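Visitor: Mind having a look at this structure? Questions to follow.
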Amino acid sequence: MNALAGTSRNFRLASRLLGLDSKLEKSLLIPFREIKVECTIPKDDGTLVSYVGFRIQHDNARGPMKGGIRYHPEVDPDEVNALAQLMTWKTAVADIPYGGAKGGIGCSPRELSKSELERLTRVFTQKIHDLIGIHTDVPAPDMGTNAQTMAWVLDEYSKFHGHSPAVVTGKPLDLGGSLGRESATGRGVVYATEALLAEYWKAIKGLTFVIQGFGNVGSWVARLIHERGGKVIAVSDVTGAVKNPNGINIPELLKYKEATGSLKGFSGGDSLDQNELLVHECDVLIPCALGGVLNKENATDVKAKFIIEAANHPTDPEADEILSKKGVIMLPDIYANAGGVTVSYFEWVQNIQGFMWDEDKVNKELKRYMTQAFHNIKTMCQTHHCNLRMGAFTLGVNRVARATLLRGWEA
């Protein structure tokens with residue numbers, strides 16, 4: 001089941017639990033605006049090449065739309081649509097005043113030079129500059145894009161609208177980026193994990209963790225869990241997997257990965273088959289990589305007691321049912337990885353105020369938002385007698401539905 005079908009299914013289940021009017025339900029699913037543009041640029045060798053860019057603006061009932069821009073060969077309208085819709089519910093779950101959007105360009109960023117990427121980003125921005133804005137739609141980096149990409153978007157947008165640092169988040173610090181942004185998603189995952197474990201009178205210290213994915217999010221999750229006395233016993237990424245039943249020395253592994261670009265050959269643990277990582281014995285499993293990694297084939301063999309969905313859509317609906325029946329407690333992606341967009345919101349607030357926060361304030365506010373959101377989800381679980389995934393979806397959908405009704409959606 002693709003991301004769009006999975007997201008729509010969860011939305012419909014939440015809508016039924018909330019008893020939403022069928023017309024309102026339908027209107028909440030329909031995107032506000034879908035933008036498709038042709039981006040034609042000269043390559044370094046002088047030949048012309050054209051790429052298709054998308055921006056899907058899903059909902060703005062609660063505030064300006066917010067969402068990443070991804071550069072990936074498989075960017076298609078369906079996927080972008082699902083992710084835009086997911087952002088609408090995610091920002092509502094975190095209770096930040098945004099709606100949802102998502103964008104992308106169908107290209108292979110690794111095959112383009114830096115100057116080609118800059119030209120492509122500037123052309124894309126030229127085509128959509130009048131449809132994004134500080135109080136309209138605020139893009140951010142995503143797969144295949146980074147702080148430099150956002151710097152180009154900011155510069156190109158400012159040529160039309162004057163200096164506007166708040167038009168994008170995830171910028172370099174020198175252009176108004178926020179301290180704490182790099183670690184935000186991983187740190188948010190750890191705060192969410194602490195909130196969940198506290199419900200069961202447990203703490204990170206002394207528990208065993210398996211982390212799938214060792215990119216930005218996975219490496220920060222591993223580092224912060226290690227600092228809190230948690231035992232990370234297995235880690236994997238595209239280059240390989242490492243296990244150590246006594247706990248991996250995460251600072252050493254980070255140094256090794258930076259030096260070699262790989263997890264293979266790390267002396268502080270044994271290599272492990274990547275497919276076995278997800279079914280490895282542990283207390284807490286944290287998928288931080290791709291979607292759909294937990295499916296009906298491997299769900300019955302999962303031994304973790306808790307699953308924290310740091311990746312987007314890592315659990316297929318079939319796996320979801322199997323794991324729920326087994327009594328595995330799952331913290332849904334729509335909440336667990338909301339730390340990134342929450343600190344993006346802080347960046348936007350700082351830019352609008354023209355007043356920057358120190359890192360302690362950013363992290364303290366992030367913890368407050370993540371902890372509060374967890375308690376709000378638990379309240380919805382009790383009200384609707386549902387699991388955490390439906391608790392999060394009912395919380396998000398209910399907030400958007402209320403804002404839509406208050407604004408007078410039929411007017």
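Any Cβ shown, glycine's included, is placed from N, Cα and C.
Caution: TrEMBL annotation is automatic and unverified by curators.
Taken from TrEMBL, the feature substrate binding site applies to K66, K90, S344. Marked as active site, proton donor by TrEMBL: K102. Positions annotated as site 'Important for catalysis' by TrEMBL: D142. If you look up TrEMBL, you'll see T185, N216 marked as NAD(+) binding site.
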Visitor: If the substrate site is taken as the center of the Cβ atoms of K66, K90, S344, which further residues of that chain fall within 8 Å of it by their Cβ?
Guide: G67, M87, T91, A94, I96, Y98, G100, A140, A338, G340, V341, T342, Y345
Visitor: Assuming the binding residues for substrate are exactly those in the record, K66, K90, S344, what is the maximum CA-CA distance in angstrom, rounded?
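Guide: Of all Cα pairs among the recorded substrate binders, the widest measures 13 Å.
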Visitor: Can you tell which of the recorded positions K102, D142, T185, N216 lies nearest to S344 (substrate binding site) in space, using Cα positions?
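Guide: Comparing Cα positions, the candidate nearest S344 (substrate binding site) turns out to be T185.
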Visitor: Whole-number Å distance between the CA of K66 (substrate binding site) and the CA of T185 (NAD(+) binding site)?
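Guide: T185 (NAD(+) binding site) has its Cα 16 Å from the Cα of K66 (substrate binding site).
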Visitor: Take the C-alpha atoms of K102 (active site, proton donor) and N216 (NAD(+) binding site) and report the distance between them in angstrom, rounded.
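Guide: About 20 Å separate the Cα atoms of these two residues.
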Visitor: For the binding-site residues listed here (T185, N216, S344), tell me which residue's CB has the most neighbouring CB atoms inside 10 Å.
Guide: S344
Visitor: For K90 (substrate binding site) and D142 (site 'Important for catalysis'), what Cα-Cα distance in Å is obtained after rounding to a whole number?
Guide: 16
Visitor: Non-local Cβ contacts of D142 (site 'Important for catalysis') (under 8 Å, 6 or more apart, same chain)?
Guide: G67, G68, I69, R70, K102, G104
